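Asks: The structure under discussion is supplied below as structure tokens; questions concerning it will follow.
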Amino acid sequence: MELEQICILKPDDEEEMESPSPSKTEENLGVVPLSCAFTRQEHCVSETKEREESTRRLSSLIFLYLIVMSVQIVGGFKANSLAVMTDAAHLLSDVAGLCVSLLAIKVSSWEANPRNSFGFKRLEVLAAFLSVQLIWLVSGVIIHEAIQRLLSRSREVNGEIMFGISAFGFFMNLVMVLWLGHNHSHHHHDHHHHHHNHKHQHQHHHKEVVAEEEEEEMNPLKGEKSSSKEMNINIQGAYLHAMADMIQSLGVMIGGGIIWVKPKWVLVDLICTLVFSAFALAATLPILKNIFGILMERVPRDMDIEKLERGLKRIDGVKIVYDLHVWEITVGRIVLSCHILPEPGASPKEIITGVRNFCRKSYGIYHATVQVESE
């Protein structure tokens with residue numbers, strides 16, 4: 001049975017469960033004092049090379065974005081173009097997002113301490129919230145200025161400088177898209193190759209179809225590495241942001257070209273400003289949604305808690321699961337707590353070990369608190 005394999009396969013846990021000499025009470029319960037589960041998650045799952053590569057790419061992107069943003073701010077003032085300034089504000093939101101991703105990678109190596117027992121993972125959420133506030137503040141100032149100009153219509157815009165600055169931004173974003181896109185497509189090629197091998201093996205193991213369907217419920221992650229997935233998500237997110245920035249720069253460049261040819265059409269600059277400001281504000285809504293979900297301690301979006309509960313009930317010795325709670329400390333750092341009523345004669349220690357292994361291998365939950373009740 002797949003279930004038996006999940007409960008038995010625990011190469012790292014056996015050493016952890018036996019290492020420090022616990023008290024008799026702890027031995028009877030099957031609970032041994034351990035280091036923070038999130039610390040073990042980082043050491044067990046993440047790969048140093050993957051982290052270093054993500055850090056290098058994100059740092060390079062931040063540096064390039066700061067260069068483009070600085071040029072756009074200076075050029076925006078020179079051209080008296082709010083559309084260029086809005087483009088710079090959108091870049092500011094990207095820099096803030098990349099800094100949060102970089103902070104998340106950095107914070108993952110910080111150890112928990114007695115006063116911060118969950119570690120410093122939620123700093124990522126606080127940093128994201130502050131970056132969103134900064135974006136809304138800057139966008140609000142630009143929108144206010146655009147409305148003032150619409151009412152007065154007294155400002156002139158240098159279309160030539162506006163076109164040149166936005167063309168520079170478009171070119172730099174194109175370079176970043178091509179650079180990140182190479183890594184993005186390479187990652188998907190590897191994934192496709194793995195999927196092809198899986199199909200090939202599936203044809204040679206037709207008799208195991210039923211067992212695999214049961215495992216789908218018991219092991220939905222199917223061996224995915226959560227840390228590597230998280231690193232790839234950071235890079236893919238940066239790729240999508242670069243694509244959006246390139247499209248926005250193209251829009252501003254077209255607006256600059258129109259004003260360059262028709263200097264009186266200053267309204268084009270203000271329309272671009274309002275449209276792209278709304279675009280920048282809309283881009284923060286998914287971030288706010290994630291922040292709200294984490295602070296409200298909701299079940300992670302991609303997790304089916306009913307399927308999780310059914311999987312827990314399939315573990316040997318488990319009769320009833322109740323008071324099941326699942327929430328996130330930050331993105332990808334999941335905590336679980338539950339009460340279990342065991343079958344008569346079942347070992348609490350084996351149940352706890354089985355639940356912990358199931359949560360870790362099937363859902364990437366490294367911090368599970370399990371209370372086995374007596375009837």
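Placement of Cβ uses the backbone N, Cα and C atoms for every residue, glycine included.
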Asks: Are ALA83 and ALA238 on one side of the membrane according to Swiss-Prot?
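Replies: Swiss-Prot topology: ALA83, ALA238 on opposite sides of the membrane.
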Asks: Would you report the average pLDDT that the model assigns to the topological domain 'Cytoplasmic' (182-240)?
Replies: 49
Asks: Considering pairs 6 or more residues apart, do the transmembrane segment (161-181) and the transmembrane segment (123-143) have at least three CB pairs under 8 Å?
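Replies: As far as Cβ distances go (cut-off 8 Å, pairs 6 or more apart), the transmembrane segment (161-181) and the transmembrane segment (123-143) do not touch.
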Asks: List the helix, strand and coil residue totals of the topological domain 'Cytoplasmic' (286-375) as derived from DSSP.
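Replies: For the topological domain 'Cytoplasmic' (286-375), the helix, strand and coil counts are 35 helix, 29 strand, 26 coil.
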Asks: Counting only residues 6 or more past its boundaries, what in the same chain has a CB within less than 8 Å of a CB in the transmembrane segment (241-261)?
Replies: 61, 79, 81, 83-84, 86-87, 90-91, 94, 97-98, 157, 159-167, 169-170, 173-174, 176-177, 180, 268-269, 271-272, 275-276, 279, 283
